Amino acid sequence: MNETDIGAYGVPLAMLAGAIRVSTPFLFVSLGECLTEKSGRINLGLEGTLVFGAMSGYAISYLTGSPWLGVLAAGISGCFFGAIHGYICKLPKVNDIAIGIAMMLFGTGLAFFFGKPFIQPQAPHLPSISLGFWSDLPQVQSALSINPLFLVGIVLAVFMWWAFKNTRWGLIIRMTGDSAPAALAMGYSVDWVRFLATTVGGFFAGVGGAFLSLYYPGAWSEGLSSGQGLMAVALVIFARWNPLACFGAALLFGAAGALGPALQSVGITQGYYFFNAAPYLLTLFIMIASVSPKRSLKGAPGELSITK
Amino acid sequence: MSAFTVSRRTLLKSAAIGSLGLTTGLLTRGSAQAAGDLTIGIIYVGSRDDFGWNQAHAVAAKALAAVPGVKVVEEENVPETIAVAKTMESMIELDGANLIFATSFGYYAPFMVDTAKKYPDVQFRHAAPLWKDGDPKNAGSYFGYLDQAHYIDGVAAGLSTKSNKLGFVAAKPISSVLSNINSFTLGARKVNPNATVQVIFTGDWSLPVREAEATNALIDAGCDVITCHVDSPKTVIQNAEAKGAKTCGHNASQAALAPKGFITGAEYKWETIYKQYADTLAKGGELPNFISGGYDVDFVQNTPYGAGATPEAIAAADAAKADLRAKKAYYVGPLKDNTGKEVIAAGVEHAPYDPWIDNINFLVEGVVGSIT
């Protein structure tokens, strides 16, 4: 085993591997949230959407035998949750954050209710693409066995970054998010744009959930998400509403999550509670570092209820 | 059945008025059970299909339901709050349960203790060693020494590994987890002195993403056999199997999850205890307040060997099972912990059920890991 024992170098490698494995749900949820927030609304319910997406994706994959149909089903169920949020927030005097919390509880509760029969069965998993064939080290090979959804996520991030800047749709969404009166003056329905942005954002979050149950860790259980959807919402603020930065932030969070187990596996066993808390500490520090009472956040959409 | 329930409830009311009614109530219960009427309520903290702790109880509940004259009522996902007291009351009042199994640690105090005081003619049993003198006489504890089955896992794993590195994904560094890790290590090193066990603590009972990360980290560090002590071992076993590592199970049978690499697994056999209780009540006897045991009384067992177990491993594990049935000690001095401190002096040994084992707060030599 000596030739494959890479000692302390295992830690950065494990963090890279962890970043690739763990980041995908963060990436999808944060891209969905980024889209929604760019249009001027906050959807805190994406945690519930993530959990429900994980459940429905697993269930459909199990019932049809096709994991990709499961991903689609997860996305569609995510759309449904996004649409409910979008519709309710259209009504007068409704607070989007309160609705988001309600949708989060609704989504998780509904997923637990319908998910009961799917805890035991084993559903077909999504395949992975092996990009580590050039290396002899099994650690590198396993680090670079990548799920197609991860690549889709990267493409999506780049596309959104480009589209916000260069397309008419991107402009409309940004305008709705920055100044509702301007959008109204231009003849766009603010409510309709936000409804669509929330619905599509829900689709992304649902797909992120399908990744959890169909690839990694790869089974539907009730403790599956453990708050990842909520952390992804915080991540959007850290990424300053920039889809490319969302990708970087998702990788960072994934790597932070891998730190605890990786350090223990090379023998640094003291203080693992601290290292296990790394992603949460990171969230906290980001919030402290990025918030100032003197100015509103750079890059924040002007219509967001938290910045108004 | 319904006539019996009505009369029992009437007696319950009289029990509330005076102790005379209480005595009559107890007598009536005894005679009713002699007629073969026994309703048992079982309460789970999670899902019955979790491939873990709850499933182990659910499997036993199913076996119990097959016993003639026994009716089993179950409720899943009952939180460790006042909700469990309500569940117990509804099982007693609506289903006429005469015996309640509360299977999660946090159900005991104050919920089960208080309900037991309120319904003195119903028997309550709880799956953790918490009952002590002074607690209600109609309550009690039952528990299995799963560390003995982990010892068998270790023996089989020690002879099934090629890299001599075994991995253990553990939830929290509390005594019952530590004694499972130690037993696994002692078993492995008894048959393979070169074996080491690397431990990763995830910090909580159910964190699927971190459990998967820990499994991957252990395999990347060279471990080729993975086992765990977490609530639902499904994630760990599945991910290890997908990466080609062998696995040992925990709590219930996970053999179906790892057709290629499953060696064996440590399982509770609650069925033995549940059937004993049902049998005692059917004969009109009194239930013990506290029972616990391991291999010798058939309270724990190992999953049938899977494809990952080598023939030598099977032979050695079968021999070790015979030793445990004869209550032979495996905590034998001289033994050091993994910091080099002597924990058992030469010539001293701690046989199964020695209270010393219940208070383990160290990791034995051969474990790579730390409890802080």
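Heads up, the Cβ atoms here are built off N, Cα and C, so glycines get one too.
It should be emphasised that the depicted structure is a prediction, and the values quoted were computed from it without experimental measurement.
Annotated transmembrane segment per TrEMBL: A:6-32 (among others), in sequence order.
Feature annotation from TrEMBL assigns transmembrane segment to A:68-88 (among others).
If you look up TrEMBL, you'll see A:97-119 (among others) marked as transmembrane segment.
Here TrEMBL flags A:139-164 (among others) as transmembrane segment. Away from its own ends, the transmembrane segment (A:139-164) comes close to residues 4, 6, 10, 13-14, 16-17, 20, 23-24, 27-28, 31, 34-35, 38, 71, 126-133, 170, 173-174, 204, 207, 210-211, 215-216, 242-244, 246-247, 250 of its chain (Cβ-Cβ under 8 Å, at least six residues beyond either end).
Taken from TrEMBL, the feature transmembrane segment covers A:195-217 (among others).
Tertiary neighbourhood of the transmembrane segment (A:229-253): same-chain residues 19-20, 22-27, 29-31, 33-34, 37-38, 42, 44, 46-51, 104, 153-154, 156-158, 160-161, 164, 205, 208, 279-280, 282-283, 286-287, 290, 297-301, selected by CB-CB distance under 8 Å and a gap of 6+ residues from either end. Residues or ranges marked as transmembrane segment in TrEMBL: A:229-253 (among others).
What TrEMBL records for A:273-291 (among others) is transmembrane segment.
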Do we see three or more Cβ pairs under 8 Å linking the transmembrane segment (A:195-217) and the transmembrane segment (A:68-88), pairs being at least 6 apart in sequence?
yes
Under an 8 Å Cβ to Cβ limit, what residues of the same chain, 6 or more beyond the ends of the transmembrane segment (A:68-88), are close to it?
32, 36, 41, 43, 45, 48-49, 52-54, 56-62, 94, 96, 99-100, 103, 107, 123, 126, 149, 194-207, 209-211, 214
